[in-house]
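Trainee: The structure is given below, and queries will be raised subsequently.
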Amino acid sequence: MERIISELEMPNEIEIQKSLRPKSFDEYIGQENLKEKMSISIKAAQKRNMVVDHILLYGPPGLGKTTLAGVIANEMKANLKITSGPILEKAGDLAAILTSLEENDILFIDEIHRLNSTVEEILYPAMEDGELDIIIGKGPSAKSIRIELPPFTLIGATTRAGLLSAPLRDRFGVSHKMEYYNENEIKSIIIRGAKILGVKINEDGAIEISKRSRGTPRIANRLLKRVRDYCEIKGNGTIDKLSAKNALDMLGVDSNGLDDLDRNIINSIIENYDGGPVGIETLSLLLGEDRRTLEEVYEPYLVKIGFLKRTNRGRVVTSKAYQHFKKVEVKI
């Protein structure tokens, strides 16, 4: 079932999300510290007539890692090639991409933490020395051939930086953490998106959507489209505070951007374990959700807004969450 506040990209929204992506740093809203550092790196590289150092972008999904890779490519006037860790199953898969690169190309590998070790080892000499070692043949007759690669930049993206091996992580010259966006930045993203989509919206309407967007541009753009649909049918076509509130309430997204699944996680810990602590494996079984999905997709936002704590003994619901859900906290 579609989860409207999922940070993950849905297949049916890929094209429209592309249309909303900024093309330059001037259009890119938020991540100011990161933008300044990257802008300096790019200008310095251009001044020296060199490629930018390899870049690692990490942070929760939906914050614009792919978008930023596109912006960097545009600023460098470079071609961008996109792939992902799970797709590159064999060393030959990555070798084929590397040998197709042209000078100054940018290779973007999403979910780079999911590369298997055999594929990952191909990257080491490619990143460090601009060389690709290929084994031709098998057994005693096998030969190693070294191919010189043109200068290129690798941009790796991950939601789990801690899962990267040290040898791979150390080969990135630049490493940046993508931060959640504040409400004002999200509001600006919504107003920009509305303009591109031809949607009428006032500032109060944009603020109401931004408060429920979980600090994530991908979610903000998705909610904007849903509220637009609601206003076209049940409103006057213009998104204001009341129409945005009514639409999002109907969609089950509350004032903190929480949905039924978030509420189920918190309520399950409260009702079954008096608020915790409860181990992640137990919680996974209780909710019928994969452990990795809980850790990577569901928990980060609950932790960010102070509703859930990760402790050595397990997950614990906070007093702030009890107040939000109007539950009576059990003191032990």
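Backbone N, Cα and C define each Cβ position, glycine as well.
Straight from Swiss-Prot, here's the annotation block:
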REGION    1-181  region 'Large ATPase domain (RuvB-L)'
BINDING   LEU20, ARG21, GLY62, LYS65, THR66, THR67, ARG171, TYR181, ARG218  ATP binding site
BINDING   THR66  Mg(2+) binding site
REGION    182-252  region 'Small ATPAse domain (RuvB-S)'
REGION    255-332  region 'Head domain (RuvB-H)'
BINDING   ARG291, ARG310, ARG315  DNA binding site
Trainee: For ARG218 (ATP binding site), identify the closest of the binding-site residues ARG291, ARG310, ARG315, judging by Cα separation.
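Mentor: Closest by Cα: ARG291.
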Trainee: Distance between THR66 (ATP binding site) and ARG310 (DNA binding site) at the Cα atoms, whole Å?
Mentor: 29
Trainee: Of the binding-site residues LEU20, GLY62, ARG171, which sits closest to ARG315 (DNA binding site) by Cα distance?
Mentor: GLY62
Trainee: Sort GLY62 (ATP binding site) into helix, strand or coil using the DSSP assignment.
Mentor: coil
Trainee: So, by DSSP, how many helix, strand and coil residues make up the region 'Head domain (RuvB-H)' (255-332)?
Mentor: 42 helix, 9 strand, 27 coil
Trainee: Neighbour count, 10 Å Cβ-Cβ cut-off, for GLY62 (ATP binding site): what number do you get?
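Mentor: Other Cβ atoms within 10 Å of GLY62 (ATP binding site): 28.
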Trainee: So which of the binding-site residues is most packed in, judged by how many other Cβ atoms lie within 10 Å of its Cβ, out of ARG171, ARG315?
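Mentor: Max Cβ neighbours within 10 Å, all protein chains included: ARG315.
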Trainee: Excluding ARG291, ARG310, ARG315 themselves, which residues in that chain have a Cβ inside 8 Å of the centre of the Cβ atoms defining the DNA site?
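Mentor: Filtered neighbour residues, in order: GLY279, ILE280, LEU283, LEU294, GLU295, GLU299, GLY314.
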Trainee: Which residue counts does DSSP yield for the region 'Small ATPAse domain (RuvB-S)' (182-252) in the helix, strand and coil classes, in that order?
Mentor: 52 helix, 4 strand, 15 coil
Trainee: Taking the binding-site residues one at a time (ARG218, ARG291, ARG310), which has its Cβ surrounded by the most other Cβ atoms within 10 Å?
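Mentor: Result for the most crowded candidate: ARG218.
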Trainee: Give me the non-local Cβ neighbours of LEU20 (ATP binding site): same chain, 6+ apart in sequence, Cβ-Cβ under 8 Å, ordered along the sequence.
Mentor: ARG192, GLY193, ILE196, LEU197, ASN221
Trainee: What mean pLDDT score does the region 'Large ATPase domain (RuvB-L)' (1-181) have in the model?
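Mentor: That region's mean pLDDT is 90.
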